[in-house]
Each structure stands twice: as structure tokens, then as C-alpha cells.
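Here's the structure, in C-alpha cells; my notes come after.
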Amino acid sequence: MFDANCLKLMFVAGSQDFYHIKGDRTNALLDTLELALQSKITAFQFRQKGDLALQDPVEIKRLALECQKLCKKYGTPFIINDEVRLALELKADGVHVGQEDMAIEEVVTLCQKRLFIGLSVNTLEQALKARHLDHIAYLGVGPIFPTPSKKDAKEVVGVNLLKKIHDSGVEKPLIAIGGITTDNASKLQKFSGIAVISAITQAKDKALAVEKLLKNA
């Protein structure tokens, strides 16, 4: 079952987000995930995207299972980004899809009553369209600030779009993503939560970063 409290601090990552380290990127992901879970992130979203990501479906599934196992160990929701069929196969807690992925109606048909669904929006129109879809658990809004983590990131929408969606009567929980750091997270406190990538993966002291993000979120 979906609990909106899990949106407070969602860690989003895949092996590609450890391009800056020497050594095995998959192990770096697993080590960082366990540290983040120990530090009380409220959800984890597994996201393999881009040229540096794993390309072999067998390897992707193996890594997803390892991440899921860690999330179960700490009782934290495990969400898969975009890969709807993998999310269903692994019985993930949720799936998060974007505007260019599988049609949201098809995602709902496949996933309803099996796992919760998050949907990315980057315009007010997209949010208004999604508000009547009962099976969408939450909306991910962004990028709020400039982000180094996504090569395909849309134009920065700013905190202003979050406010517009919130004020327009959309009652679904809103989670902010894109360029969020320990310094700017406090600007987003009135919303349901934040999702971060590099704020954790590139932090020198990852446990401290999670602590600060939780305090400011």
C-alpha cells in the first residue's frame, strides 16, 4: 500500500551515477544505498539510464534484485524507474514513469492494485491532466533547479511550477526533483517531499548529506 510519507526523501540512483569513482560502479551503488538506508531515506528509486548505465537486461535485473533486497532489509519502499515489466516481475512496491515512457493509461492497466505509480510532470497542463487518474499515487515535478544528473533533463521549471500545481487544486502528493542539494532543499518544505541523485551519490559524507536533507525536506 502507498503511504505518502515515503516521499519525504527519495533517493534515485543507478550504477551510472557513480561515474566519478574508480572501481566497480555497481558495488558503489549498493554500498551507497545501504548507507542511505541506514541513514533513513524514505524510499529508493532504481534508475538505469544513459550511456554509462548497464545495458544487459540480465545484469539490470540482477542489480535491481540486490537493491530490492537491501530495501526489504530496512523496510523501505523500492521503486523502479520506467521499466514497468521489470517492476511487475520483481513485485516492486512502485514504478515511476515519465511523459515519454509507456502511455500512462497502459501503465495503470498493468499496475493497478499491484504496485503504486508515480508520474513525472513538467508543466501545469500535465499535472491537471493527471489529477483525475485515480491510480497515480504521486506526481514528480521538475527539474526544479539545474541538474547535472540527467543528460535528457527538461528545461528548469523552478519552485514556481510546484506552487502553481499546488494552488491549482491538484490534490496528489508532489515530490520535487532536479538539482536539489542540502543548501536549497529547505525551499521545498511545503510540498510532500524531494527526490535526489547527486546530493547523495557525490557527497563526501553521505550519511551527513542524508541527515541534512531529511532535516530540510
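The count begins at 1 with the first shown residue.
Using the three backbone atoms N, Cα and C, a Cβ is placed for every residue, glycine included.
Here is what Swiss-Prot records for this protein:
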- Gln45, Phe46, Arg47, Gln48, Lys49, Asn81, Ser120, Lys150: 4-amino-2-methyl-5-(diphosphooxymethyl)pyrimidine binding site (BINDING)
- Asp82, Asp101: Mg(2+) binding site (BINDING)
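Feature annotations (Swiss-Prot) mapped to structure.
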residue	record	DSSP class
Gln45	4-amino-2-methyl-5-(diphosphooxymethyl)pyrimidine binding site	strand
Asn81	4-amino-2-methyl-5-(diphosphooxymethyl)pyrimidine binding site	strand
Asp101	Mg(2+) binding site	coil
Ser120	4-amino-2-methyl-5-(diphosphooxymethyl)pyrimidine binding site	strand
**Most Cβ neighbours inside 10 Å, all chains, among the binding-site residues Asp82, Asp101** = Asp82
**Message:** Quick check on the binding-site residues: of Arg47, Lys49, whose CB has the lowest count of neighbouring CB atoms inside 10 Å?
**Reply:** Lys49
**Prompt:** Tell me, how many other CB atoms lie within 10 A of the CB of Phe46 (4-amino-2-methyl-5-(diphosphooxymethyl)pyrimidine binding site), whichever protein chain they belong to?
**Reply:** 30
**Request:** Just jot down the residues in the same chain as Asn81 (4-amino-2-methyl-5-(diphosphooxymethyl)pyrimidine binding site), at least 6 apart in sequence, with C-beta under 8 A of its C-beta; none if empty.
**Result:** Val12, Gln45, Phe46, Arg47, Gln48, Lys49, Val95, His96, Val97
**Complete:** Students should find that the Cα atoms of Asp101 (Mg(2+) binding site) and Ser120 (4-amino-2-methyl-5-(diphosphooxymethyl)pyrimidine binding site) sit apart, in Å rounded to an integer, by 10
**Asked** What is the interatomic distance between the Cα atoms of Ser120 (4-amino-2-methyl-5-(diphosphooxymethyl)pyrimidine binding site) and Asp82 (Mg(2+) binding site), given in whole Å?
**Response** 10
